[in-house]
Amino acid sequence: MFEWILSNGWLFWLALFLLLAIIEMMSLDLYFIMLGVGALGGLSVALGNGPLWLQVVLFCVVSLAMIFTVRPVAIRHLNKGPGALLTNVERLIGEDALVLEPTTKMAGRAKIGGETWSVRTEDDSPLEPGSYGTVVRIAGATAFITAR
């Protein structure tokens, strides 16, 4: 087995890279892909007919460099705040609503973000057509607004 690795080192590193990439697709923690990039470093030395010890050293150095430099940046980028993850409906909270019909705690209509919504007031104060309110929450297809 060891002789085969010595004579076909590039194939070993390529297989290791593919294996690590598959494991990364299942785990999604960005460790295995960093090791996979290290395997590509070992592959590059193997393709240049470099000695096995240099292939292993380059694998270790590149892997550690990727884990300690690239991975933290990638994790920060992937874990952005909840504002970037809001759905369309959640983004409407805090938006202005132009009241189109008399709106009470029971019924009404307003234009929010360019679309007409069924609305209700959050408190007991009615809103007249032409006035503005602020969206405080959304339940199903109904937006709840308060006077601005």
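Every residue, even glycine, has its Cβ placed from backbone N, Cα and C.
Note that TrEMBL annotation is computational and uncurated.
Here's what TrEMBL has on this protein:
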- 6-23: transmembrane segment (TRANSMEM)
- 30-47: transmembrane segment (TRANSMEM)
- 53-70: transmembrane segment (TRANSMEM)
- 89-145: domain 'NfeD-like C-terminal' (DOMAIN)
Long-range environment of the transmembrane segment (53-70) - Cβ separation under 8 angstroms, sequence gap at least 6: 9, 13, 31, 34-35, 37-42, 44-46
Secondary structure composition of the domain 'NfeD-like C-terminal' (89-145) [DSSP: H/G/I, E/B, coil]: 3 helix, 29 strand, 25 coil
